Amino acid sequence: MGVYTRTVAVSLFVSFILFFTVSSQRNDGTFRVGLKKLKLDPNNRLATRFGSKQEEALRSSLPSYNNNLGSDSGDADIVPLKNYLDAQYYGEIAIGTPPQKFTVIFDTGSSNLWVPSGKCFFSLSCFFHAKFKSSRSSTYKKSGKRAAIHYGSGSISGFFSYDAVTVGDLVVKDQEFIEATSEPGLTFLVAKFDGLLGLGFQEIAVGNATPVWYNMLKQGLIERPVFSFWLNRDPKSEEGGEIVFGGVDPKHFIGEHTYVPVTQRGYWQFDMGEVLIGGESTGYCGSGCSAITDSGTSLLAGPTAVIAMINKAIGASGVISQQCKTVVDQYGQTILDLLLAETQPKKICSQIGLCAFDGTHGVSMGIESVVDKENTRSSSGLRDAGCPACEMAVVWIQSQLRQNMTQERIVNYINEICERVPSPNGESAVDCSQLSKMPTVSFTIGGKVFDLAPEEYVLKIGEGPVAQCISGFTALDVPPPRGPLWILGDVFMGKYHTVFDFGNERVGFAEAV
C-alpha cells in the first residue's frame, strides 16, 4: 500500500502483480489495461506490500466534469493486467525514447513511479529485472535529486530523473520518476514486477514528485479525471483484469456504484462503518473506522483485535500469543468486572495499569517506574506488550457481552481467541475442506453492507490433496489519530469493481462480474 514516510504497509504471504499485455483505445472515452492469468506456482510466494494548492490549480484546469462516468464521449486508456495466484496484478509500461519496457504494480497506496536503474550495481535484485539505461533515451533529462522509499517488506533508494513514460497508448512527457540504485533484501529479488507506479495523491509522493496520473490529466491525455479497476478472480480465466484510465467499463460490474468521499488526502481514504461476522456486529467500528482502498495490497488488513475474531470464526490457525494469554489470565476477570460496571472501555487498560490514557485512547507506557528498575520482573517491556493485548481483550469481551454470554463462556472465548492472533508475518492457514462452513464477513460502506463469502476471502493455492488455503485477512495496527485503519486490498477489490473518482474526490464500489 504505500510509502512509509507516511505509509502504512502490510507484509503478505502471497503478492499481487499486474501485467500489461494488450491495450486498446475505445470511443467511450476510456483507456484500458487488460489482465492475463499466469500458471499457478506454489513455490513462488512473494511476501510483499507495497502507502494541495497545486492540485487545486490542476483541477480547475480540467474540462467540465459530471458524474456520468459511463459517458461515451472523450478519450480513455485501458490497460490489461495479469493475475498471479489472485495475489499479484502487474502491468507493462515503457520509459524513454525509444521505449524501454518494465512491468510494474499499479498501486493506489503510493504515488511515485520507480524502476531499477542501469546504475544499480550492488543489489542482486537489479540483475534479475529490467533496468533503465538513460544513455539510450533521447528524451532523458537529469535531475540528480536523491530519493528513498520504505515499504512494509522492502525499501529502495536512488535518484530522480525525467523522461517520457508510456502507459498503454498514452505517452506522458517529462515525467519525474525514481531510478532505483539500491533494492536490498529478498522482496524485490523474487518479485515478478520490476517497479511500481503509484496512483495515490501527490501528498504522499516522495520528493513531492508529480504522479503519472496527474500528468495524464495536466497534459490532456485523459478527458475525465477518473480511473477504475476490475480484478478477475476466476482461476479458470486467461483474462486477469484491467485498469480503465478515463472512465469505467460497464461490462465489468452490475448495479450502481456506492460512493463515499475521500476523507484524508494522500491515500484513497474514506470512512467505513461496522464490520460483521456471519451478520453479527463485531462492535469495533460501531462509531466508525477509517479505510483505504489499495490495489497494491493482496489481502485485507485490519486491527489485530478484529482480525483475530474473524480468524477464530473461520477456523484460521495463527500463532499462539503468550502475551495475550498472560494478560487474559491476569486481568481478564478485572476487565470483565469493569465493563459490567459500565466503566468507559477506552479507560479500562489505563485503570489497571497496562496503558497510559492520552484523553482519547490507551497508549503504551514506554517509561520505566522506580518499581520497574528495582524489580526486573515488572519491566516496561512487558507493560508495552500488555497494552495492545489488554485493549484487544476489551474489544473481545465487549463483543461477547452484547451477545449476552455468561462470564464463564466469555473467559473461555477470549482464551481461545488468543490462539487465533495472526502470526508476525501476517498469514493464517484455514482448512480447505471447511469453506462451506465458514461465515460471511461483511463491511459497511456508505450505509450499504458489502459481503465477502468464504470462497472470496480465502486464497487457495494448488489443487487436490496438496491444496493450501490462506485466510485473506491479515493484521495491521495503526494507532490514532491515523488509525484504527482498514486496508481493503485485492481480496475486496476482486469482489467489488472499484472506481477512483479523482474529479469528485470519492471512491465507488459495485459488484464485479
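Positions of Cβ are set from backbone N, Cα and C atoms, glycine also.
On a predicted model such as this, the values are computed, not experimentally measured, just so you know.
Record features (TrEMBL):
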SIGNAL    1-24  signal peptide
DOMAIN    89-510  domain 'Peptidase A1'
DISULFID  C120-C126  disulfide bond
DOMAIN    319-359  domain 'Saposin B-type'
DOMAIN    383-424  domain 'Saposin B-type'
Taking the Cβ of C126 (disulfide bond) as centre, how many other Cβ atoms lie within 10 Å? 22
Relative to the Cβ of C120 (disulfide bond), which residues of the same chain, six or more apart in sequence, are found under 8 Å away? C126, K131, G158, E179, A180, T181, S182, E183
Where does the mean pLDDT land for the domain 'Peptidase A1' (89-510)? 84
